[in-house]
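Below is one structure, written out as structure tokens; the observations come after it.
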Amino acid sequence: MGKYFGTDGVRGVANQELTPELAFKIGRFGGYVLTKDTDRPKVIIGRDTRISGHMLEGALVAGLLSTGAEVMRLGVISTPGVAYLTKALDAQAGVMISASHNPVQDNGIKFFGSDGFKLTDEQEAEIEALLDKEVDELPRPTGTNLGQVSDYFEGGQKYLQYIKQTVEEDFSGLHIALDCAHGATSSLAPYLFADLEADISTMGTSPNGMNINDGVGSTHPEVLAELVKEKGADIGLAFDGDGDRLIAVDEKGNIVDGDQIMFICAKYMKETGQLKHNTVVSTVMSNLGFYKALEANDITSDKTAVGDRYVMEEMKRGGYNLGGEQSGHIILLDYITTGDGMLSALQLVNIMKMTKKPLSELAGEMTKFPQLLVNVRVTDKKLALENEKIKEIIRVVEEEMNGDGRILVRPSGTEPLIRVMAEAPTQEVCDAYVHRIVEVVKAEVGAE
């Protein structure tokens, strides 16, 4: 991670850390780095439903236009929609304005290259070097060489038509409950599943600029679980604010997380000859039960650091086509170049149709180890990892576990948090281990 770019672009509190002035510079310098070898380059921009999206979009557009780029605004659209359209529309770059699952006061800016993939570390470093320069020495075109802006609000429908053709049958006869987090999928997901002839019930589909992710979406699936039980739905699908995550709910109201969704997809893809190199790429946060279920089905796993960008890098390196995170980022590289909540949802429902099995049965083939994750707000993430007392309590707990479970302590890539996670044979033991470490982290580097 750099000074400005975290694991998922540039993020911060809108109008304080992520200011219009910074957004202008990011547009100008980012646009230059990604389009400098192209005459009259095209850059597309999408955003989620946050109140700050318009402000940041205006500044970004101005920065891009100042380099001579032609800018196409997509309006409210999901992050994977921007990734797909960047390549489909032959744009030199795509930009998404979103802070994903974060609260409304945050916002972020992430770029996609002409191939639809997120930027490399080298590209981000080049942009950061320009941001840190005291003097802006980039060319300043004038007159007819300046860029122009246009709107392409049909982009969302073009993207939906693309992902819709990845399933084999319609979804008639199924009742699907949707939670769109008052975010980027609020209009898109209900249209998509209704178009596939499913009966739908919805929540989180009334964005007002301030309610994105507020007690709804993939970080609050328990709310959708109540709707599933109330309506007698066959499945619930919860997306996050920018639509790159999926958490599901089975017909009994049980939450089905990213690990379980990956396992279901991996098993089906292996059975149908689609799983490349018989391998799934996941992160160190995936549940031990996920790996045991893969082993039982003779499927290989490959672990990376936390962050969908690292999963993607490993997938590209090894030629794999399925990967993801427990948090619900599922990457289906045969179809798209980033995590995609709606595409993952289509595949999950399609597997239910093809196997004629309810989601509870599909998910039940994986037994999860009890797990607890606690986020501790800290004054300094780097100091926390170097603190001797914190390192000592982690060592003591790992010795007590004696291989029967695991501890993972790591910094958040996007927020001032230390994440403390444990897995153990029982929830009671798991909770005790986590809280012992959390107490030390709070005492040593905890923020008020």
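Placement of Cβ uses the backbone N, Cα and C atoms for every residue, glycine included.
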Worksheet item: Looking at Swiss-Prot, which one out of Ser100, Ser114, Ser360 binds Mg(2+) in the same site as Asp240, Asp242, Asp244?
Response: Ser100
Practice prompt. List the other residues in this chain whose Cβ sits within 8 Å of the Cβ centroid of the Mg(2+) site residues Ser100, Asp240, Asp242, Asp244, in sequence order.
Written response: Asp48, Ser78, Thr79, Ser98, His101, Gly183, Ala184, Phe239, Gly241, Gly243, Arg245, Gly339, Gly341
Item to complete: Could you round the CA separation between Asp242 (Mg(2+) binding site) and Ser100 (active site, phosphoserine intermediate) to a whole angstrom and send it over?
Response: 5
Response to the item:
Expressed in Å to no decimal places, the gap between the Cα atoms of Asp244 (Mg(2+) binding site) and Ser100 (active site, phosphoserine intermediate) is 8
